[in-house]
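Undergrad: Once you've had a glance at the structure underneath, I'll fire off some questions.
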C-alpha cells in the first residue's frame, strides 16, 4: 500500500504545526466535525496536505467553484507528485437542462457540451478511489449530483492478465457493453481497434496512453502500454483493468429489469393522468417513454438515461442517488474549503433542481422517477459525509454549531506578515480622499484595490480615475476568464495601478503587490458589507507587509465593528509572536499559478490568437477539436514529429483551459 509523501522545500511553520497536531488529535478522538479557521496567507492548503500525509487516509476536498478547485488541485499535485491527486468537477462546458415553461407552452430540450479532458479526469478519479488508497480528489460541490453506482461500475470492469484465456469475440462484446466504440481508423479515448492478433484499447481514464493486448489464439500473451500517437511501447503490464467509458454502464440483466419497471411505472402514470382528464400529457408521456424504452432495448442506453437512474441502481423512490461519496472508503477524510460559501451552495442545490423537474413531471415530459435523478439533499449529504474538517477564515453558524464552537486557528503566518491596519474615514467626500490615498500608495510602488456597492458606481469611478490619468481597470462579472487573468497580470506587473470591483475582490484574489484596499460606503449594511464580506475583503491587503485598509463610513455598524475587532485581535496575536521570536514581516512575491498557465499558452500562440481562443468556450473547444484531428491525421501519415508537436500544443491548451475555466 502506498503512503502519502509530501515533496516540498518547506516545513510547517507559524501556527501550522499546532493546527496540524490539534486536527489530527481530533480525528484520532473520532470527532466528526472540526473547524480550521485559516486566515489569508496562513498556508491552509499546506496545512491540509500535512494532515493528509500524517493520517494517510483517502481524502476528498470540496471547493465552491471550478476555479478554486483547479487551484487546490494544482497545489496538491505539486505537493504530492508521487500520489494520486485527482480532479472531479462537472464535465459540462455548457449545460442547458431540459425545462418546460407552462405560461408560454415552451419546452426546452437538454443541450450540453462535454469537456473531454474533465470527463477523462472524472474517470481517473473514480478509478483511483477503487484501486488505491493514496488518493486525494479535489472536487466542486457538483460531486453531490447523481453518479453511476460504484458496485455496478466495478462489476462491469474487464480484468485481464497475461497467460490467461479470453475468447476474443467475448472480449470485444464486453468492450462494447462498456460503451467503448470500435474504430480501426480514428483511435482515440473510449475506442478500441483490432489488428491481426492484437486488440488495442484506449482507456477512458487516459489521454496519452493506450493498451495493446497481444493474443495467441484465445490466450493473452502480453499487455503493453504504448503511445497511441507514435505506437512506441512504453512498459509491459502484469495486469490491466478496463473500466466503463461511462459511469452509467450496466449489465444486460440490469437493463432488462429496469425496462420492465419503467413500463410498469408508465402504465400507472398513464392511468393517473387519464383520471385527471389530462389527455395531452397522457399522449406526451407515453410517446416519449416508449421511444426511450425502444432505445434501451436496442442499445442499452438512451438520451437522458440518467432520468431512469433509480431503476438501474435498485433504489426506492425518494432514496438518495449514488454519488461520489459512495466511491469513498469508510475511513475517508473530507475537507470543505471556504465552507462559509460551500455549505450554503450544498444546501441550495436540491430545491432548484426539484422545482424544475416537478414541472416536467406534471406536464407529461418525464415520469415521477425522474425526480430521483437529483443532487443530495443537505440532510443526506450531512449524513453521508465522513470525518470532516471545515476550512474558512469566516466560519458560518452551521460549522460552529457542528463543532460546538471549537475552532482550530491558523492566525500566525509562516512569513510573519500581519493582518492589515484598518482605518475608518467619513464617507462624505470619500472619492476625493481616495484619490489622495491612491497617490501616496502608488508612489511607494504598490497597487490599489477599490470595492464599490454598485456596478454604476464602479464604472463611474473607473472613468473618473482614468480621466485623472491613473492606470485603472474595472473587474466585473461580464469579463471573460482570460481577460480577468490578463487584468490581474497587468496589475501585478504594474501596467495597471488601480483595480475597481464590486463583489469580485474577495476569496481567492491574492495580490502581494496590493498596498491599499479601499471599501467605499462600508456602512451600508447588507450582503456586500456584512461581517463575512468585510473580513474577506480586508484579507486582500494581508499579503503585503505595508498593506492598509480604509473603510469609508459615516457610522459604525455592527458588521464594521466585528470585522475590525476580529482583524485587530489577529494582528495583536501576530505582533506578539513576531516580537517574541524576532521575526520581521516580509512581503512574499508569489506567482499566480493561472498566470503561469496563461504564459505557457502565450509562448505557443500569439497574443491575438490566445485572446480569440479564450473569448468563449465554443471557440476554445472547436480549436482543441481541430488540433486533435490534425494530430491524428499527422500520425496516420507517419509524420510523428509533427504529431508530437501538435500533441504538446493540445496538452498545453487543455491544461490552460482547465486553469482558466
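Cβ coordinates are placed from backbone N, Cα and C, and glycine is handled just like the others.
So Swiss-Prot has the following annotated:
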type    : residues                       : note
DOMAIN  : 25-182                         : domain 'Helicase ATP-binding'
BINDING : 38, 39, 40, 41, 42, 43, 44, 45 : ATP binding site
MOTIF   : 91-114                         : motif 'Beta-hairpin'
DOMAIN  : 430-592                        : domain 'Helicase C-terminal'
DOMAIN  : 621-656                        : domain 'UVR'
Undergrad: DSSP-wise, what's the residue breakdown of the motif 'Beta-hairpin' (91-114) into helix, strand and coil?
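TA: Its residues fall into 0 helix, 15 strand, 9 coil.
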Undergrad: According to DSSP, does residue 45 (ATP binding site) sit in a helix, a strand, or coil?
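TA: Assignment for residue 45 (ATP binding site) reads helix.
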Undergrad: Excluding 38, 39, 40, 41, 42, 43, 44, 45 themselves, which residues in that chain have a Cβ inside 8 Å of the centre of the Cβ atoms defining the ATP site?
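TA: Other same-chain residues near the ATP site: 47, 393, 410, 413.
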Undergrad: Under a three-state reading of DSSP, tell me whether residue 38 (ATP binding site) is helix, strand or coil.
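TA: SS state of residue 38 (ATP binding site) = strand.
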Undergrad: Could you tell me the mean pLDDT over the domain 'UVR' (621-656), as a whole number?
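TA: Within the domain 'UVR' (621-656), the model's average pLDDT equals 73.
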